[in-house]
Amino acid sequence: MTSVNLGMPAAPQPVLSPRRKTRQIRVGSVGVGSDSPISVQSMTTTPTTNINATLQQIAELNAAGCDIVRVACPSQDDADALPIIAKKSPIPVIADIHFQPKYVYAAIDAGCAGVRVNPGNIRKFDDQIEGISRAAEAAGVSIRIGVNAGSLDKRLLEKYGKATPEALMESAVWEASLFEQHDFHDFKISVKHNDPVTMVRAYQLLAERGDWPLHLGVTEAGPALQGTVKSATAFGILLSQGIGDTIRVSLSAPPVEEVKVGNQILQSLGLRPRKLEIVSCPSCGRAQVDVYKLAEEVNEGLAHLTVPLRVAVMGCVVNGPGEAREADLGVASGNGKGQIFVRGEVIKTVPEDQIVETLLAQANEMAESMELDENGQPVEGAPVVTAG
């Protein structure tokens, strides 16, 4: 008989690698890189010339947890709208510039916190870097070198045949070296591709070449589901390796959805304070309640909460009681009723038609009792719930 020595389990290794050490830059009031929290960005979809609509969308993004917002600037009329938008926006504004270098200077003069430049399509960009560096330095404006697979320099496409990770990295490193030749260092870099595998490798190569802060993004990621999967896959790999200082989830969906997904990715990796989390079973033939409807009603009813609260909505007696006990608050449903758990203890059993009402009331009561620190986490010693 072969003996098996079970012994003591090995000490668990950290899931995430230490954060990559980079220089720090500022995008207005938001630090990017070094020890700054990883920020979430989005981009408005309104015409920038429609100042009121753009500011309204920025306000919605801010409320959803967006840290930095980007606005398009394809024309002089858009450039003329930037001063008001930059002044009235509650979060730092970055102007997105393509083709015309004059709009880089217009954005700097308008008071934007940052400018994104695309070296692949701005006319004679390399010749413009000295002037851009001086103007940005004088105004305290940071730059993003935004390399994109869809607009890569033709010389690199000829060299590599297509937008490979090496081509994206080489473009970024070249442009970074030109800015640094003019003693400008207040920039971050992105190397975006619509294929997450190519994008991941490009960022890994770039991270090996310098200490620049990196803006993560999968370009043209697609509709909500597809884009979420692509971004979560790519960001999860890179962030777990300590690579990435600010993120933008690109979706063919309202920009607020980009922010929600971005925040969820960071929270799932423990890189942003946990907030409301709904745990619900996928449902199966054992379910004795409409779990989909129940979970959606609870999620909608608690969407206003910003405290770290885990709520479990379970549809049967197999995993239901265990999951509900592990959550801060939960329900295990069956036989036309639901057992309500708080901190692992059953506090009451209610009829099925009262489950949602009871969970919402209990969750709000628990949220009100929480005392949170400046990072949105429970204060030690305060009357709080314990996360499962």
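Keep in mind that glycine also has a Cβ here, set from the backbone N, Cα and C atoms.
Over in Swiss-Prot, the protein carries these features:
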- C281, C284, C316, E323: [4Fe-4S] cluster binding site (BINDING)
- 1-22: region 'Disordered' (REGION)
Please work out the number of neighbouring Cβ atoms within 10 Å of the Cβ of C284 ([4Fe-4S] cluster binding site), leaving out its own Cβ.
10
List every residue in the same chain as E323 ([4Fe-4S] cluster binding site), at least 6 positions away in sequence, whose Cβ is under 8 Å from its Cβ.
V279, C281, A312, M314, G330, A332
Three-class DSSP secondary structure - C284 ([4Fe-4S] cluster binding site):
coil
